[in-house]
Amino acid sequence: MDLHLKVEVLDAKTREQLCFLDKVEPHSTIGDIKSLFYKLYPRWYPARQSLTLDPKGKFLRDEEILQSLPVGTTATMYFKDLGPQLGWTTVFFAENIGPLLIYLLFYFRVPYIYSDRCAFTSSPHKVVTMACVCHTFHYLKRLIETIFVHRFSHGSMPLRTIVKNCLYYWGFSAWLAYYINHPLYTPPSYGEVQVHYAMVIFAICEMGNFSIHLSLSHLRGDRSRGRRFPVPSKNPFTWLFFFVSCPNHTYEVGTWVSFSIMTQCLPVAVFTVLGFIQMTVWAKGKHRAYVREFKDYPAVRVAIIPLIL
């Protein structure tokens, strides 16, 4: 008895047959199919390939097994070129190294940013230095997490998306740094009290964010027990998992809210609001995925803001 399957790969736009794979093992993964396709079309390496069962359907994950898909003895798949890709480590490094360095250029007031008489001068306001320390710490932490903590579930991101993301993060960093380090910048309304309280909240949120990333990294690294959803641990910063699905985003929002309060700067507030909107979209998507996948998922959890959103 022949237990092998056949796989037909069509162009998602033209419906032209690109290849026909005969005698494919039923336990082969989508990743295996992509590797076989790559041998026939070397210009389309696996990370560039998107395979679906429907021309407008959801892309198939690399780890999905062929025999578990709703296909017969011949599986018809549709191919789409995702374009040039870069690995997630490279993506995160590029997104975070820019804001770190750009902010420091404004803090040290290198020539041609402000007037010549302000070049390489220091701000008389303590909050400006504290803001630089916080901003630098935030992005250094993200770089460290990128290299040593994060475990990425998807292999790459399209190059065009990376360019767009870098323009967003780098541009906003320059905008808020310009005003915070400007010679005419004025400290917050309530002075050092406002700054110090905001800095405490900033530090708590940064520790919380790092703790959640560590927790998620350990969860993804332990595949021996199958797929699981994240749960609180003995670390108090992870107790936010009792209430929300994505506390890493909750803490990230808290970080930028506190930075907005600390600096009392409009560009920071705009960046915070836009970031909150985007992170809410991500958190809601992750929350829905958890609810669909796990029948015992806690009903009390919401996406990002405890008991609210």
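Cβ atoms here come from the backbone N, Cα and C positions, even for glycine.
Any TrEMBL annotation is an automated prediction that lacks curation.
Features of the protein shown, as given by TrEMBL:
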type     : residues : note
DOMAIN   : 6-81     : domain 'TECR-like N-terminal'
DOMAIN   : 156-309  : domain '3-oxo-5-alpha-steroid 4-dehydrogenase C-terminal'
TRANSMEM : 86-108   : transmembrane segment
TRANSMEM : 167-185  : transmembrane segment
TRANSMEM : 197-216  : transmembrane segment
TRANSMEM : 237-255  : transmembrane segment
TRANSMEM : 261-283  : transmembrane segment
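Most Cβ pairs under 8 A with the transmembrane segment (197-216) among the ranges 86-108, 167-185, 237-255, 261-283 are made by 237-255. The residues of the domain 'TECR-like N-terminal' (6-81), classed with DSSP into helix (H, G, I), strand (E, B) and coil, number 17 helix, 28 strand, 31 coil.
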